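Per TrEMBL, the feature active site maps to 42, 86. Per TrEMBL, the feature domain 'Peptidase S26' maps to 17-99, 108-151.
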């Protein structure tokens, strides 16, 4: 019977270590740093069509340290199950001029980004679904700032302004 107590105590100790590790992993992934696989042509030439793995930090947007030109990971306002990687073009209070469909029309519209919102666009304007279709993005949908590409190895490095 004593042997079972020792085995049970050892199993509980190991389960406790595993549980603590998983909690730290969850907190780190959700609130500090995570990786994200980005696919599609909307961010060409900055990101490739075949897919890049990028690192996303989740602190800057909580501290209000984002600005125009930053790459961000955002929750899609059209489908909350999806995340999008886009570039911030304008912050709240900025005036933005845009064309709804640059391939078919040269007409443009202007608006001022409302308080608590940002204007995001893909680098490849011809195929990107972004603020030109769904309007200014609420700041609360920003999940983090993309700061580094880690895959493919030939493109490894930090994103500059």
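Every residue gets a Cβ built from N, Cα and C, even glycine.
Heads up, TrEMBL stuff is auto-annotated, nobody curated it.
The model shown is predicted, which means the values in this text are computed figures rather than measured ones.
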**OP:** For residue 42 (active site), just count the other CB atoms lying within 10 A of its CB, please.
**Re:** 22
**OP:** Under 8 Å Cβ to Cβ from residue 86 (active site), same chain, six or more residues apart: give me those in sequence order, or none if nothing qualifies.
**Re:** 42, 43, 71, 72, 74, 120, 121, 122, 128, 130
Subject >> Within the domain 'Peptidase S26' (17-99), residues counted as helix, strand or coil by DSSP >> reply: 19 helix, 29 strand, 35 coil
Original post:
When the domain 'Peptidase S26' (108-151) is classified with DSSP, how many of its residues are helical, how many are strand and how many are coil?
Top reply: 7 helix, 21 strand, 16 coil
